[in-house]
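Annotated features in TrEMBL:
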- B:26-380: domain 'Aminotransferase class V' (DOMAIN)
- B:R60: L-glutamate binding site (BINDING)
- B:W121, B:T173, B:D197, B:N266, B:T267: pyridoxal 5'-phosphate binding site (BINDING)
- B:K223: N6-(pyridoxal phosphate)lysine (MOD_RES)
Number of protein chains: 2
Amino acid sequence: MTIVDAKIHPALMGSLSPNVTVDEVINFSPGPTSLPAAVEKTIADSFQTPGLTSLALSHRSPEFLAILNHAAASVRSVMSIPDDYEVLFMHGGGHGQFAAVPLNLCRDPSDIATYVINGTWSLRGKDEAQKYCRAQVVDGSDPETGAYTSFPDLTEADIHPNSKYVYLCSNETVNGIELHRLPKLPDSRRHIPLVIDASSDFSTKPIDWVNSGVGVLFACASKNIGHPGLTLVVVRKDLIGTGKASPLCPGVFNYTTNRDAENLWNTPATFNIEVVGHVMDWIQREGGVDEIECRCIAKAKALYDVIDGSSGFYSTPVTNKSQRSRMNVPFNICGGDEDLTNQFLIRSWEKGMIGLRTLTPFGVGDHLRASLYNGVTLEQTHHLATFMRRFCEKYS
Amino acid sequence: MTIVDAKIHPALMGSLSPNVTVDEVINFSPGPTSLPAAVEKTIADSFQTPGLTSLALSHRSPEFLAILNHAAASVRSVMSIPDDYEVLFMHGGGHGQFAAVPLNLCRDPSDIATYVINGTWSLRGKDEAQKYCRAQVVDGSDPETGAYTSFPDLTEADIHPNSKYVYLCSNETVNGIELHRLPKLPDSRRHIPLVIDASSDFSTKPIDWVNSGVGVLFACASKNIGHPGLTLVVVRKDLIGTGKASPLCPGVFNYTTNRDAENLWNTPATFNIEVVGHVMDWIQREGGVDEIECRCIAKAKALYDVIDGSSGFYSTPVTNKSQRSRMNVPFNICGGDEDLTNQFLIRSWEKGMIGLRTLTPFGVGDHLRASLYNGVTLEQTHHLATFMRRFCEKYS
């Protein structure tokens with residue numbers, strides 16, 4: 001490769017093709033990103049195996065129905081989803097669910113829903129929901145800076161008793177805030193179902209479905225459980241049924257029609273569903289979601305320890321350590337020094353560490369971000385931690 | 001395999017795993033189905049090549065942007081799409097577009113749209129649209145039988161002058177009716193844009209975009225151009241823009257937001273888009289869409305000739321030969337004789353010919369269907385034609 005001589009260095013343009021052989025590449029992208037190596041091998045092998053791949057299977061064939069049923073059963077098993085919840089595979093990504101949630105749970109646009117805002121994605125979810133319901137906000141922004149640096153406490157006064165649901169994003173990828181366990185609503189509001197955008201942390205920690213009062217949980221596939229083009233939706237059965245959704249809900253987003261058609265209301269994303277099944281199989285083989293959580297804690301600790309031990313050379317915006325994201329570790333170098341940041345990006349890229357800055361339109365400013373999804377190992381994370389420590393020693 | 005001894009024969013259950021080695025399998029599924037063999041090889045090779053596959057690429061990386069831009073440019077080139085049309089890659093399949101079309105083109109639910117109904121899919125499109133506009137129907141069903149066996153003539157009286165669009169499905173997969181060229185509206189209605197559901201025939205024949213008055217054309221990917229999880233939308237630029245869509249249009253279905261974000265309003269189905277690019281490259285290499293159309297004509301003729309020459313042993317419901325589908329050839333054996341139909345399915349399955357009957361909920365009755373998408377070659381179609389001829393000789 002000669003592109004390192006280009007006027008603008010490829011590492012600074014978010015290039016994912018570093019100057020190393022592929023075995024050394026470590027993908028810290030915020031998603032889409034690499035799947036666990038074993039899963040990537042399973043997929044590659046499936047294209048070398050005689051027979052039709054799921055790219056070519058009719059969604060109504062017994063062969064695909066076996067894949068679909070396996071994926072749904074594996075998700076249910078890995079995440080201990082109780083029988084009174086449905087597992088749906090839908091189209092439209094997380095953004096599709098931003099509309100689907102109010103369209104399914106608010107039959108009338110005058111219905112109230114409560115949105116807890118602690119970052120980019122909960123804000124975007126609320127903006128979309130306002131088309132379909134009266135979205136009332138619990139604002140988690142810092143009163144002085146306006147930044148999102150922690151998850152707000154939820155009090156009785158925050159939540160209208162007639163609210164159809166309380167919506168929250170359990171991991172804000174851009175802001176680096178994560179709920180390691182779901183919050184409990186105040187006693188007088190425990191009748192209200194939680195709606196969880198778990199797009200970036202689903203399958204990385206256990207969920208106490210019943211005691212947390214989860215009504216709906218959704219996850220786009222492209223962070224921890226697959227690749228884009230598929231959305232997993234887990235919905236409590238009592239929340240769906242004929243006449244419950246808004247008459248304006250597109251059929252493709254309607255939980256009831258999709259449940260009634262057993263995920264075949266329209267052609268589902270067949271191959272994408274197969275991949276989710278492979279990821280769930282991998283989690284089972286590795287020891288289940290408790291083991292995955294241990295790894296996530298260890299991976300995140302490796303980086304936060306370097307940041308906290310750098311005497312301010314590195315800083316991270318989330319001050320409440322108990323809410324720091326294990327999935328996405330945002331950090332600054334010397335308060336966002338441009339030259340040092342560029343040096344960091346170029347040198348790490350040359351060592352095969354990619355995805356530490358993506359050119360998003362979401363104004364993450366000068367933050368870098370290391371995303372530690374299921375595809376990233378503890379050993380790979382230690383590579384980055386070691387690099388960060390040495391970089392700090394050299395330039396601080 | 002021993003499943004042939006099962007009480008219900010796998011061939012009758014729509015199994016796609018016949019009793020032959022994989023090189024001999026011929027996939028006549030109505031979709032999802034096999035891609036051209038060369039494209040399947042390209043995909044398989046991509047998983048053996050060093051570097052990240054598009055499963056793992058951030059949608060904002062320069063590497064994926066090159067894939068996205070290539071796919072869009074190739075679609076534009078292969079289908080001669082004029083500059084005043086946008087090419088969008090969206091979520092939600094054809095069913096998503098059933099809602100997206102009225103939500104983008106009818107700002108107010110009192111707006112009128114005209115739906116030409118000539119089969120299962122145009123009917124389903126109309127049913128969904130009625131949530132968002134006043135859908136007026138041009139009914140193409142047979143007045144006596146109620147069956148859809150031809151595409152109706154479009155007269156001035158059929159189309160309200162204020163209709164926001166005239167909607168039609170250019171190939172009805174279940175009913176076997178295809179418009180080999182788009183119709184022209186009556187002179188007094190030429191100002192009204194056509195909306196085309198081309199899910200099952202896009203890329204198999206040229207489209208005269210401007211003279212036909214195409215406003216929107218959409219195609220789910222899983223028939224001729226890719227695999228499920230992606231929808232291609234081509235939309236005339238003057239039909240989109242701020243304030244044109246209904247305020248109730250979900251952002252993920254909004255043509256304007258997706259155009260403004262250059263197909264990155266939310267995470268697109270990255271790998272699925274790469275596959276569409278591979279299919280378009282294949283069409284270019286094979287000689288372009290005119291060559292593909294010649295092959296489609298020859299493939300369909302091979303089967304219809306057997307049907308028409310069978311002295312009634314085989315029959316097909318579409319009597320107007322100029323509207324017979326080249327994509328999906330529906331046929332009966334001896335008026336739907338159950339024993340003969342089962343014999344046909346089992347014997348053809350044993351020879352590796354699969355997908356001739358899928359267990360759909362759409363009431364195709366006793367029809368079999370041979371689907372002849374881009375993944376099926378003329379030689380493979382001749383195998384089926386020969387089998388059909390011999391089966392007729394043996395049992396008629």
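The backbone N, Cα and C atoms fix where each Cβ goes, glycine too.
Shown here: features listed in TrEMBL, placed on the structure.
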residue	record	DSSP (3 states)
B:R60	L-glutamate binding site	coil
B:W121	pyridoxal 5'-phosphate binding site	helix
B:T173	pyridoxal 5'-phosphate binding site	coil
B:D197	pyridoxal 5'-phosphate binding site	strand
B:K223	N6-(pyridoxal phosphate)lysine	coil
B:N266	pyridoxal 5'-phosphate binding site	coil
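Comparing Cβ neighbour counts within 10 Å across the recorded positions B:R60, B:K223, the minimum falls on B:R60.
By neighbour count, meaning other C-beta atoms within 10 Å, the densest spot among the binding-site residues B:W121, B:D197, B:T267 is B:D197. Rounded to a whole number, the C-alpha distance linking B:K223 (N6-(pyridoxal phosphate)lysine) with B:R60 (L-glutamate binding site) is 28 angstrom. Most Cβ neighbours within 10 Å, among the binding-site residues B:T173, B:N266: B:T173 holds that distinction in the structure as shown. Checking the recorded positions B:R60, B:D197, B:K223 against chain A with a Cβ-Cβ cut-off under 8 Å leaves B:R60. B:R60 (L-glutamate binding site) is 9 Å away from B:T267 (pyridoxal 5'-phosphate binding site) when you measure Cα to Cα. Geometry remark: B:W121 (pyridoxal 5'-phosphate binding site) versus the residue listed as 'L-glutamate binding site', CA distance 35 Å.
Cα spacing between the residue listed as 'L-glutamate binding site' and B:N266 (pyridoxal 5'-phosphate binding site): 11 Å, rounded to the nearest whole number.
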